[in-house]
Amino acid sequence: ARSRTVGELLAPTSPFDKKCGRENWTVAFAPDGSYLAWSQGHRIVKLVPWAHCLNNFLLHGTKNGANAAGTWLPRQSSEGSQKNKPCEHVIDCGDIVWSLAFGSSVPEKQSRCVNIEWHRFKFGQDQLLLATGLNNGRIKIWDVYTGKLLLNLMDHTEVVRDLTFAPDGSLILVSASRDKTLRVWDLKDDGNMMKVLRGHPNWVYGCAFSPDSSILCSVGASKAVFLWDMDKYSMLRKLEGHHNDVVACEFSPDGALLATASYDTRVYIWDPHIGVILREFGHLFPPPTPIFAGGANDRWVRSVCFSHDGLHVASLADDKMVRFWRIDEEYPVQVAPLNNGLCSTFSTDGSVLAAGQEGSLYFWATPSQVSSLQHLCRMAIRRVMPTSQVKNLPIPGKVVEFLCYQI
């Protein structure tokens, strides 16, 4: 089936188009769904209120210029006239932007720094930050509501390829870089770098937190998929199965599954707690043998992400296709065309998939299927117990297998 197009945000033409690329390496939604950000190329990041985009799509059809000015949205629980009227911003980051991540603060989540007497920044509950990872190894932190630069983090020596905030509101930021390291930053401690995670033998392409913020997954060149304990900052295990560089990863909303995308033309769905591959979604038929797994350059998978319902995964590959998969079916349930796509992510509520192409964004509706009561149960049970405890419940074995996504 063909996915329904929701809309598109087209990047403005630029006099620099013929001088340098306009690769759109990253797109992100704010945790509360209020904002959308993406890289337009030429050092530029665009920040727009998401509700305004949806309204424009409904009023004017699918096409919409990405440079419309004077857009305002009401927002609750804010202080000051500026914060009551969040608007879109064009941010010049000073270098090519490779990664973006939104972070929001929860006041009761204190900094891990034990000796805190003075801080430049006091992040309140209504604070929303945007982190941008740059080509020169720097990470810049921006206030989303004002578009002002707050912090400039400097420690990486190569491209900052990916960024992710801990979902618990602690403002712990992890960066993945081509310098083969991951670095952990505490923004509530004025951006202090807390830890360097080493272990990748080559470039690190991506990283993602589990929903409870306890585990970090990182992926990179040399087939690497690592899981880290973020309480002890130690490696939990290495997942083996891919045959080429692994470029993207994301946990399911309940934390029971992990999706990874690789240049070997495959997306794997793992049980990260035991390191077993549960599903394989291939983008080349018949699947390449391991010795030729890196040879199908027109089928490299660039991105993978989980939908809000935990039932669907979206993948983006070099064969000019976006695919929507159900985690319990072998073939895509919907597809859509996209040339030269490099990044994708679901909206916060999971209803829309956004994918980037040459500075512009395109949007499709997520497959609308009602989740079964059984699936809702296996997602809900992890709100009260981790997967390891689910496996020890005194219930029939087949039920345990279903709750652990094994059937």
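For all residues, glycine too, the Cβ spot is worked out from N, Cα and C.
Annotation source TrEMBL lists domain 'SOCS box' at 361-407.
Beyond the repeat 'WD' (123-152), the same-chain residues lying 6 or more positions past its ends with a Cβ under 8 Å from any Cβ of the stretch are 30, 32, 34-35, 37, 45, 47, 77-79, 82-83, 86, 89, 91, 93-107, 158-163, 165, 171, 173, 175, 177, 179, 185, 187-188, 190-191. Marked as repeat 'WD' by TrEMBL: 123-152 (among others).
In the repeat 'WD' (153-195), the DSSP tally of helix, strand and coil residues is 3 helix, 24 strand, 16 coil. Residues or ranges marked as repeat 'WD' by TrEMBL: 153-195 (among others).
Secondary structure counts, DSSP: the repeat 'WD' (197-238) has 0 helix, 25 strand, 17 coil. Residues or ranges marked as repeat 'WD' by TrEMBL: 197-238 (among others).
Here TrEMBL flags 239-271 (among others) as repeat 'WD'. The average per-residue pLDDT of the prediction over the repeat 'WD' (239-271) is 95, rounded to a whole number.
Positions annotated as repeat 'WD' by TrEMBL: 301-335 (among others). When Cβ-Cβ distances below 8 Å are used as the criterion, the repeat 'WD' (301-335) is approached by residues 1-3, 247-254, 257, 259-263, 265-267, 269, 279, 281, 283, 341-346, 348-351, 353, 355, 364, 366-367, 369, 371, 375, 379, 405 of the same chain, each at least six residues removed from its ends.
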Tertiary contacts of the repeat 'WD' (239-271) (same chain, 6+ residues out, Cβ under 8 Å): 203, 205-212, 215, 217-227, 277-284, 287-288, 290, 293-294, 296, 299-306, 308-310, 313, 315, 317, 325, 327, 378-379, 382-383, 386-387, 404-406
Same-chain residues at least 6 beyond the ends of the repeat 'WD' (197-238) whose Cβ lies under 8 Å from its Cβ atoms: 158, 161-168, 170, 172, 174-178, 180-184, 244-251, 253-255, 258, 260, 262, 270, 272, 275
